[in-house]
Amino acid sequence: MPLSYQHFRRILLLDEEAGPLEEELPRLADEDLNRRVAEDLNLQLPNVSIPWTHKVGNFTGLYSSTIPVFNPNWKTPSFPDIHLHQDIINKCEQFVGPLTVNEKRRLNLVMPARFFPISTKYLPLEKGIKPYYPDNVVNHYFQTRHYLHTLWKAGHLYKRETTRSASFCGSPYSWEQELHHGAFLDGPSRMGEEYFHHQSSGIFSRPPVGSSIQSKHQKSRLGPQSQQRPLDGSQQGRSGSLRAGVHSPTRRPFGVEPSGSRHAKNIASRPASCLHQSAVRKAAYPNHSTFERHSSSGHAVELHNISSSSAGSQSKRPVFSCWWLQFRNSEPCSDYCLTHLVNLLEDWGPCTEHGKHHIRIPRTPARVTGGVFLVDKNPHNTAESRLVVDFSQFSRGSSRVSWPKFAVPNLQSLTNLLSSNLSWLSLDVSAAFYHLPLHPAAMPHLLVGSSGLSRYVARLSSNSRIINHQHGTLPNLHDSCSRNLYVSLMLLFKTFGRKLHLYSHPIIMGFRKIPMGVGLSPFLLAQFTSAICSVVRRAFPHCLAFSYMDDVVLGAKSVRHLESLYTSVTNFLLSLGIHLNPNKTKRWGYSLNFMGYVIGSWGSLPQEHIIQKIKHCFGKLPVNRPIDWKVCQGIVGLLGFAAPFTQCGYPALMPLYTCIQSKQAFTFSPTYKAFLCKQYLNLYPVARQRPGLCQVFADATPTGWGLAIGIQRMRGTFVAPLPIHTAELLAACFARSRSGAKLIGTDNSVVLSRKYTSFPWLLGCAANWILRGTSFVYVPSALNPADDPSRGRLGIFRPLLRLRFRPTTGRTSLYAVSPSVPSHLPDRVHFASPLHVAWRPP
């Protein structure tokens with residue numbers, strides 16, 4: 001007969017009918033009892049021939065691929081012009097005085113951030129945009145390309161111009177200015193001969209207004225040649241030939257599209273974004289577009305006498321000028337030929353765009369190192385898209401990078417720190433990752449991009465192949481024409497207009513700010529925000545500021561005080577260049593919602609949406625059916641988050657952990673499901689630890705236990721010898737049960753850790769409930785007053801130690817610590833508290 005739920009509760013000592021704890025609790029460590037209970041509850045994981053269940057509620061397991069949903073109406077989020085103040089340490093010191101060593105070290109880590117992978121694998125451009133949505137390939141291509149363009153315009157990406165130069169938008173940093181090669185320009189007044197000197201260096205420097213000007217007589221690193229003669233049309237801005245002092249008319253920079261022969265003498269060749277694979281590196285691709293240089297003052301400056309009518313120049317263009325514009329001169333192949341689309345506009349705009357600033361970069365191949373694709377911004381916002389960057393090559397294989405570890409505040413640390421009767425609000429940092437600048441030397445390792453529409457479509461279509469590798473073009477221009485492509489492009493034309501042409505060209509971009517797809521980024525963001533919050537805490541010692549990643553919370557004793565603090569802190573953060581989203585500032589009152597918890601003066605509980613997820617999970621959980629271990633992983637992830645708020649905690653989930661480790665199916669018996677259900681439907685807050693003086697001590701030997709409760713000494717023996725850790729845990733349980741003390745001294749590190757998952761299952765569950773809310777203090781064995789009673793010597797009295805317990809915030813980064821805020825609530829349960837049931841010894 002299977003074990004009933006009520007009988008199981010009695011075995012676990014969760015009911016009041018249990019006998020004396022000193023007799024009942026040691027039985028739970030018995031191997032035979034644990035084995036019999038596991039058999040009765042079907043926890044032994046026998047090999048079952050019944051087919052596994054691969055879906056439970058929202059959890060899917062093996063062999064069930066979730067089809068991602070593409071939204072053709074995704075909006076690309078707008079990104080502010082984020083420019084973190086370069087001299088951020090001095091700005092902070094002006095605000096708060098000298099910074100600590102820890103704060104300086106962390107701020108220096110991100111100004112600029114550096115990235116040193118062991119090795120970098122370069123992938124072909126076709127893998128730049130992942131075919132994540134097979135039914136919406138073209139739409140996804142343009143949406144992703146638009147997202148990348150938006151990031152570049154906002155100054156978060158570099159655009160690779162040539163092998164050794166890149167352009168970007170936004171304000172430059174000093175480490176980027178240092179990479180400029182040659183003299184600076186000073187607006188439109190010096191756009192004549194000196195402008196071409198700059199182009200001859202292959203850098204195309206364009207600094208902002210007011211930047212320092214080097215003397216035009218000063219020698220650049222290129223030597224005097226580049227400043228003594230104007231740039232001829234045949235001279236190419238290729239860094240390799242410039243260093244050699246030779247300008248070859250036959251060698252052109254890879255990825256450059258020079259204009260046709262009619263303009264060859266008028267325009268200096270400039271890098272464009274027509275980037276193909278290495279097989280075509282030496283091929284020249286004529287550029288059709290009219291170049292307009294925008295000076296730092298914002299005026300368009302046309303070079304020499306170039307016609308501004310792109311239509312006129314396009315008609316005399318060679319055959320390989322631009323894949324998109326070739327359709328203009330070709331005969332339509334069908335009703336769905338792209339010629340119809342291209343002829344809708346006279347002026348499709350330039351083939352490529354260039355940033356405001358051009359810098360030298362380390363040698364960067366025409367490849368990508370990671371793929372990108374779009375997903376919903378979050379489960380609650382499906383109208384906007386989010387760019388997912390896959391740089392997983394740096395986290396896999398023999399050359400994987402060991403990312404630095406950093407402290408994640410655990411539940412008890414968070415509760416100790418934030419559980420008070422303060423009034424709270426949380427700040428929303430806009431695009432937090434894109435605040436932290438990367439050194440340009442990291443660009444060759446963090447490359448994203450696309451191969452251009454023609455190659456992308458050809459790669460994904462079954463009847464089109466890229467045969468002419470020499471020119472990287474299709475053997476027949478109209479091979480790519482199809483009804484699906486035509487319809488998709490016509491619909492996209494309404495959204496993107498003439499940008500369809502720009503986005504159809506190849507492009508390679510490197511990250512200028514830290515990307516989200518690299519394990520280094522969370523570490524850097526955590527260091528940065530923790531240092532900033534430390535500065536805020538020192539500036540406002542009567543308040544509390546805390547952050548985890550981009551989640552920043554402020555606490556003050558009154559709402560009026562909090563609003564004043566909010567204004568001051570916001571102004572300080574804005575002065576550093578940190579962008580906040582005021583529309584997403586949330587005022588929480590006295591119950592803070594943070595990291596999935598609700599934290600108030602009574603302690604912490606999971607947020608309501610997590611509780612609802614757990615209820616939904618139990619409603620869908622089948623009994624007596626083997627469930628795929630992959631599904632169990634999802635269930636354990638959800639239940640594990642709320643485990644500290646239950647009676648038996650993590651030990652109750654150990655059968656599921658075991659099944660996942662052995663990659664076996666797990667079958668829920670009705671009793672085990674009812675047990676877990678009861679556990680998770682009654683959640684108890686995790687309370688804030690309070691400082692105190694330890695008056696109760698416990699110790700044990702394999703054969704006996706001893707307690708020291710004030711001046712009282714107790715001892716007892718076990719029926720059979722037990723492992724020492726098990727004996728020490730039993731002694732701690734007896735001390736808690738007999739004294740009711742929430743502070744116990746012990747010399748056992750396993751008991752101190754409060755992790756009871758390695759003990760016999762029944763004992764771990766019962767001990768977790770008995771010791772819930774108990775704090776432990778380490779006492780050396782030689783000084784432990786309970787040491788003698790545990791060895792059977794009651795007559796010897798060692799003096800009680802004055803051991804003070806101070807609640808800790810763990811390894812959480814708190815350099816400037818706010819004074820603790822005493823709770824004004826009495827120790828008894830407040831009428832508004834969700835804590836309805838106080839702990840009773842079993």
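Numbering starts at 1 and runs along the chain as it is shown here.
Even glycines carry a Cβ here, placed using N, Cα and C.
Here is what Swiss-Prot says about this protein:
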- 1-177: region 'Terminal protein domain (TP)' (REGION)
- 178-345: region 'Spacer' (REGION)
- 205-271: region 'Disordered' (REGION)
- 223-239: compositional bias 'Polar residues' (COMPBIAS)
- 346-689: region 'Polymerase/reverse transcriptase domain (RT)' (REGION)
- 356-599: domain 'Reverse transcriptase' (DOMAIN)
- Asp428, Asp550, Asp551: Mg(2+) binding site (BINDING)
DSSP state at Asp550 (Mg(2+) binding site), helix/strand/coil: coil
The region 'Spacer' (178-345) [mean pLDDT, rounded to integer]: 44
Cβ-centroid neighbourhood (8 Å) of the Mg(2+) site, Asp428, Asp550, Asp551 excluded: Ser426, Leu427, Val429, Ala432, Ser547, Met549, Val552
Secondary structure at Asp428 (Mg(2+) binding site), reduced by DSSP to three states: strand
Number of Cβ atoms other than its own within 10 Å, given for Asp550 (Mg(2+) binding site): 18
